[in-house]
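S.K.: Before we start, here is the structure in question, set down as structure tokens.
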Amino acid sequence: MYRYKITIEYLGTDLAGWQRQAGVMSVQQILEEAIYKFSGEQVILFGAGRTDAGVHAVGQVAHFDLSKYLEPHKIITAINYFVRPYAVGVWNCELAPNNFHARFSATSRYYIYRIINRPYPSVIDLNRAWWISSPLDVPAMQQAAAYLLGKHDFTSFRASSCQSKSPIKTLTELNIIKEDEEIKLYLSAPSFLHHMVRNIVGSLVLVGKNIWQAEQIKDVLEAKDRKAAGPTAPASGLYFVKAAY
């Protein structure tokens, strides 16, 4: 068997997320069907990040196995040909060791969350960022973010449907940068809880609106209660950037 590692980008707006689900179109299903069309093999694709409906990716990593060797550049061309009806594309493919696993071999995952912060919406960024019309206090958000760095119990920031065995996660990066009318939040960790990034963003926006003081983020973290945190930020602003191995 030959194991292939591919890097994928997609717009999640019209898709049901990464994971295959009955009755809806997912990124996993689109790619698995494309691979079957040129290889004749039914494969199972394993992804580094199981993104939700509406979430985008610029560097999602996945792997699959084929019984016969195909040149990586031909795989890229073939997949991109058969996924053309959808906003999904592969921009890298390489052979990987048989013990490589896109999900379990990853040592870190990186996300960006985009906020358009101006009085009027951005047509160009429709469904690609969270538009917030009122000015956000970025220094206050940065101050609040510092409380979340490191190893913590992130129960307050996990979805009620989260299936992770433990709420303990280590947030290694949470940087907030304002560039003109756009605010970007950069987050990285070995792994994340379901909705963790979006719940963190929703809570930091309450700080940015001066509804909460920066110090309240520490109280929310210590509460270990989802009801203590802010709303879940829209999926449209979230991007899976890359996985490190």
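Each Cβ is built from the backbone N, Cα and C atoms, and glycine gets one as well.
What you are looking at is a predicted structure, and each value in this text was computed from that prediction instead of being measured.
This is the feature table in Swiss-Prot:
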ACT_SITE  Asp52  active site, nucleophile
BINDING   Tyr111  substrate binding site
S.K.: Can you count the other CB atoms that lie within 10 A of the CB of Tyr111 (substrate binding site)?
M.R.: 24
S.K.: For the residue listed as 'substrate binding site' and the residue listed as 'active site, nucleophile', determine the Cα separation and express it in whole Å.
M.R.: 13
S.K.: Under 8 Å Cβ to Cβ from Asp52 (active site, nucleophile), same chain, six or more residues apart: give me those in sequence order, or none if nothing qualifies.
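M.R.: Expected: Gly12, Gly17, His195, Ala235.
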S.K.: Could you say whether, by DSSP, the residue listed as 'substrate binding site' belongs to a helix, a strand or a coil region?
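M.R.: It is in a strand.
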